[in-house]
Amino acid sequence: MKQILLIDVSPRGKDSASRSVADTLAARLTSLYPSAKLIRRDLAAQPLPHLDEITLRALSTRDAAEAERLKETARQSDQLTDELLESDLLVIATPMWNFGIPSVLKAWIDLVVRPGRTFQYADGEVLGLAKDKKAILVLASGGVFTEGPWRPWDFIEPYLRQILNFIGIVDVQTVRIEGMNIPELVVDAVPKANKAVAELVL
């Protein structure tokens, strides 16, 4: 493994459960792969722009003259996409907000899920171009969404798995940090997740 890309999403800093467990995972990864380059991108500290008309044109135009004129606009997306494509492992550490992902993570996704770079259409089917990579999702939530009555409300893991599969990343493992807002569960939530990290196949 040559490069690991870790995406931190939570703005809670040291109080963030997803960041805490991501720290544990990062430590294990660097121990297993000491020569690997670890890129840790903090979307809370350095939020990315959401797509606007100019950015959409810059990323989708097929006109060479327009592409040249808008290349500076596309530069950040190019850098983020290169960062993903050059990585062997993608780690996304994020909280669940309102049953889905924070908008800063969606902004990153919108900048790296690009036709001709991370996916393409061939014979009426989608071909993911970010192949031969693995992903680990570290997902924190106030409630319990892997079982029980709230399970249908979990839109975060299905969405992330679907979008990763779309671009060719099909080997996806998940670590859940659940019950952060439930007094009887919060004490064990992070330790339980750290134990799950130790059991991941890396």
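The backbone N, Cα and C atoms fix where each Cβ goes, and this holds for glycine too.
As annotated by Swiss-Prot, FMN binding site applies to Ser10, Ser16, Ala17, Ser18, Met96, Trp97, Asn98, Phe99.
Mapped onto this structure are the features recorded in Swiss-Prot.
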{"residue": "Ser10", "record": "FMN binding site", "DSSP class": "coil"}
{"residue": "Ser16", "record": "FMN binding site", "DSSP class": "coil"}
{"residue": "Met96", "record": "FMN binding site", "DSSP class": "coil"}
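Sequence-distant contacts of Ser16 (FMN binding site), defined as residues of its own chain at least six apart whose C-beta falls under 8 angstroms from its C-beta, comprise Ser10, Pro95, Ala140.
Taking each Cβ in turn and tallying the other Cβ atoms within 10 Å, the top scorer among the binding-site residues Ser10, Ser18, Asn98 is Ser18.
Under a cutoff of 8 A between CB atoms, and with a sequence separation of 6+ in the same chain, the neighbours of Met96 (FMN binding site) are Leu139, Ala140, Ser141, Gly142, Phe145, Asp154, Ile156. For the binding site of FMN, formed by Ser10, Ser16, Ala17, Ser18, Met96, Trp97, Asn98, Phe99 according to the record, the largest Cα to Cα distance is 17 Å, rounded to a whole number. Long-range neighbours of Ala17 (FMN binding site) (same chain, six or more residues apart, CB within less than 8 Å of its CB): Ser10, Pro95, Ala140, Ile177, Met180, Ala189, Val190, Ala193. A simple way to gauge crowding: the CB of Trp97 (FMN binding site) has 15 other CB atoms within 10 angstroms, across all the protein chains here.
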